[in-house]
Amino acid sequence: MSEPTHADKEKKKTIPSSLSGRRALPPNISNAEEDEVPAMEMTALVPRGVNLKDFLEVKEVHMFKGDQDVNKQEHHTDKYYHPKLIVRRGQPFLIQIDFNRPYNPEKDQFWVEYLIGRYPQQNKGTYIPIPLVEELQSGTWGAKITWKEDSSIRLSIMSAPTCIVGKFRLYVAVLTPYGILRTKRNPETDTYILFNPWCPEDSVFLDDEKEREEYVLNDLGVVFHGDINNIKSRSWNYGQFEEGILDACLHLMDRAKLDLSGRGNPVKISRVGSAVINAKDDEGVVAGSWDNIYAYGVAPSAWTGSVDILLEYHSSGTPVRYGQCWVFAGVFNTFLRCIGIPGRIVTNYSSAHDNDANLQLDVFVDEDGKVDPKLTKDSIWNYHCWNEAWMTRPDLPIGFGGWQVVDSTPQENSDGMYRCGPASVQAIKHGHVCFQFDAPFVFAEVNSDIVYSKAVKDGTRVIEHIDKTHIGKLILTKEIGSDGTKDITEQYKFQEGTEEERLALETALMYGIKKQTTQDTMEQAGTDVDMDFQVENAILGSDFKVTVTFRNNSHNHYTATAYLSGNIVFYTGVTKNEFKSHTFDVTLEPLASKISEVLIKSGEYMSQLLEQASLHFFVTARLNETKKILAKQKTSVLQIPKLHIKVPGEKVVGKEMSVIVEFTNPLNQKLVNVLVRLDGPGLLRTTSKMFREIPKNSTLTWEEKCFPRQAGVRKLIASLNCDALRHVYGELDLEVERKPLV
C-alpha cells in the first residue's frame with residue numbers, strides 16, 4: 001500500500017507535547033495527512049550517568065494481522081486483500097509487545113496510543129491514550145495484559161463502539177522519571193478501525209447473522225432494472241475487499257472534507273457519501289451522463305462493478321466517466337460495506353421525478369387526445385436505483401432508525417449540494433416527512449399521482465383521469481442468500497386505499513408536502529368505457545404487436561377516435577423522439593369489448609434505439625359522443641441477447657483457469673468497436689478487450705486465463721457494449737476448489 005503523495009509533500013510538523021489540550025487548530029479533515037510525534041518528551045533534565053536505555057524499551061510490536069490470525073478472523077475482516085491490521089470498533093483485538101527485558105508492573109509504566117490525522121486531540125477522539133486495566137469494559141477504550149513470557153506481553157485492546165472510523169497510527173509510550181519515551185513511527189503497526197454491525201453498542205448494529213453476511217460481507221450484488229412488466233437483473237461486483245479499495249473509500253471522506261471527529265457517525269458519513277459519489281458540484285467519483293453520448297469515457301452499461309471506478313478516482317483525483325443511477329448506487333454500496341455500514345441497492349419501478357415534490361405528475365393532452373410535449377414537463381423513470389444504509393437515528397425520535405434511504409444520483413439540490421438522505425424508510429411510510437434528510441423528495445418518488453388533463457383551446461384545463469397506483473408500484477432489493485427479488489414495497493408505503501395509507505398521506509400534508517387541492521374536485525365523472533393495452537414481449541430487432549382493448553360497460557353505442565404514440569425514451573422517462581404515430585377508429589357496441597391490434601415493425605425503431613432498448617407507448621382515445629378522453633401509458637423493454645461464459649477444465653485456487661466469453665450478433669447489421677468486459681471477484685481483476693467488428697449472425701469468442709485466489713462459490717460477470725447494442729450481460733456461477741494439501 002503506498003502512502004498518499006500529498007502528505008509527503010507537506011513538511012511534517014512536530015505536535016506540541018500536550019496532545020490532549022483544547023486549542024485553536026485548523027480543521028482536521030484528512031486521514032492521510034499526519035504530524036510527527038516526538039519520540040522523546042522530556043519533562044526533566046537527564047542527569048549525567050543515566051542511560052535512558054536502562055529503562056523499559058520497546059523492541060517490537062506484533063499486530064497479528066494475517067488473514068488467518070485471530071484478529072481478522074474474529075473481526076470478520078479476513079477477506080480484505082490488505083497487509084495491515086483491520087478491526088471493528090467495540091470489540092477486543094490482540095497485539096504483542098516485545099521489550100528489552102521482562103516487564104515489571106511494580107516499577108514500569110507504559111501505555112498504547114492511537115492517533116489519526118493531524119493536530120491530534122483527546123477531546124476530539126483523534127488522540128487516544130489507552131490505559132492498562134484489570135478488566136476490559138464494553139463502551140470504553142482499555143488494554144488488558146492477557147499473557148506474559150520472558151520479555152514479551154500480549155494485550156487485549158478494547159476500542160470504543162463510537163470511535164472514529166479510519167486508519168490510526170500506533171505508538172507505545174513508556175514513562176520514565178525524566179519524561180516519556182515513544183516508539184518511532186512504524187507504518188507496519190497502522191490499524192484500520194471500521195464500523196461493527198456485530199457489536200450491540202455500535203450505531204450500525206444488525207442482529208441477524210444472515211443479514212450481516214449479505215449486507216456487509218457479500219462482495220457481489222444484483223441490480224434490478226427494466227420495467228415493472230419486464231424485470232431484468234444484472235450482477236454487480238462491489239469488490240469492497242479488493243486491493244486498494246479500503247484506502248480509496250477512506251480517501252472519499254478526505255475529498256468530502258468531513259472532519260475526522262465526525263467519522264464515527266454513520267448519519268454524517270452516509271450524507272457526505274451521497275454527495276461525493278457524484279461529480280455534479282464537488283468533482284466527486286462518478287460523472288453522470290444521460291444523453292447516450294459517451295465520448296472519452298465508459299458507457300454506464302459497460303461497468304461490471306465498482307473496483308475500477310474507485311481505484312481510478314483514487315489515483316487520478318478526477319471524476320470517472322460515466323454513470324447512471326445503478327452505477328452511482330453500486331459504487332455507494334461498495335463504500336458503505338467497505339467501511340462496515342450495512343448497505344443494499346433498492347430499485348423503485350415507475351419512479352416519479354417531480355421537481356417541486358407536489359405529489360403530482362402532470363400529463364397534458366390536446367382536444368384530439370394527443371400528448372402535448374410542451375406542457376408535459378414531469379417525467380416517470382422506468383426505474384430508479386438508490387441505496388439503503390442501516391443505522392440508528394439518535395437525531396430523530398425513537399422508532400425511525402433502521403434502513404435509511406441514501407441516494408447519490410444527482411437529481412435535486414439538498415442544502416446546497418447534490419445529495420439525498422439519509423431519510424428514514426419508516427418515516428417515509430408513515431408520512432413523517434418533517435424529519436431530516438430529504439424525506440419529502442423520497443416520499444414523492446414513491447407516492448405521486450399521474451394526472452391526465454385536457455388542455456382546452458380557451459386556456460382552461462380539465463382533469464380527465466387520475467392514476468393513483470402507477471408510481472412506486474413495486475420496490476425491490478436482492479433476496480438474502482440468493483439472486484432473487486425481495487419485494488419491500490410495503491416497507492415504503494401502505495396498500496393503496498387503506499385507512500393507514502390515507503393517514504400517512506394526511507400526515508405528509510400536515511408536515512408540508514404540497515398537493516394540488518383541485519385535482520380531485522375537477523376530475524370528471526367516471527366513463528361508460530374502459531380502455532387498456534398490452535405490449536407483446538419482443539426480442540430486439542423483431543416485429544411485435546400492441547393490443548388495445550376497449551370495454552363498453554353501458555347500453556349505449558359509442559364511436560371513438562384512438563391514437564397510439566410510440567416513443568424512444570431514456571430510462572428516465574425523457575423522450576428522445578416519436579417513432580410511431582397511428583390513428584384508428586373504433587365502434588363500440590353496448591356491453592361489449594373491442595380489440596384493436598397495431599403492428600410495430602423493427603425498421604421503425606431500430607435505427608433510433610437508445611441503450612436500454614426502452615419503448616414508451618401512449619394510447620389515448622376520444623369518445624365522439626361525449627368528448628371524454630381515455631388515456632393510458634406503458635413502457636416496454638425489448639429482450640436483449642445475452643453473453644455466454646464457459647469455464648472448461650478444473651477450477652482450483654492458484655491453478656491456471658481458462659474463461660471463454662461468446663456472443664452471437666443477432667442483428668441484421670454488423671457491430672463495430674465492440675468492448676467486452678470481464679470481471680470476477682476472487683478470480684481475476686477486471687479486464688476488457690476491444691473487437692473492431694462483429695459481422696451480422698457471426699460469433700465472437702474471447703478466451704482469458706486467470707489464477708483463482710478464493711475458494712467456494714464465485715461468479716464471473718461479463719458485459720458487451722457498442723453504439724448499436726448496450727446492456728448486454730452474461731454471468732456464470734462456479735465452484736472453486738481449495739488447493740489440495742501435498
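Just so it is clear, glycine is given a Cβ too, placed from its N, Cα and C backbone atoms.
Features as listed in TrEMBL:
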ACT_SITE  C325  active site
ACT_SITE  H384  active site
ACT_SITE  D407  active site
BINDING   N447, D449, E496, E501  Ca(2+) binding site
DOMAIN    317-410  domain 'Transglutaminase-like'
REGION    1-35  region 'Disordered'
Cβ-based neighbourhood (8 Å from the centroid) of the Ca(2+) site, residues N447, D449, E496, E501 excluded: K468, T469, I471, G472, K493, L505
H384 (active site) versus recorded positions C325, D407, D449, E496, E501 - nearest by Cα: C325
Within the domain 'Transglutaminase-like' (317-410), residues counted as helix, strand or coil by DSSP: 15 helix, 40 strand, 39 coil
D449 (Ca(2+) binding site) to D407 (active site) - Cα separation in whole Å: 22
By Cα-Cα distance, the member of recorded positions C325, N447, E496, E501 nearest D407 (active site): C325
Which same-chain residues, if any, lie at least 6 apart from N447 (Ca(2+) binding site) yet have Cβ under 8 Å of it: A352, L359, I471, G472, K493, L505, A508
Inter-residue C-alpha distance, E501 (Ca(2+) binding site) and C325 (active site) (nearest angstrom): 28
Cβ-based isolation winner (fewest other Cβ atoms within 10 Å) among the recorded positions D407, D449: D449
Fewest Cβ neighbours within 10 Å, where candidates are the binding-site residues E496, E501: E496
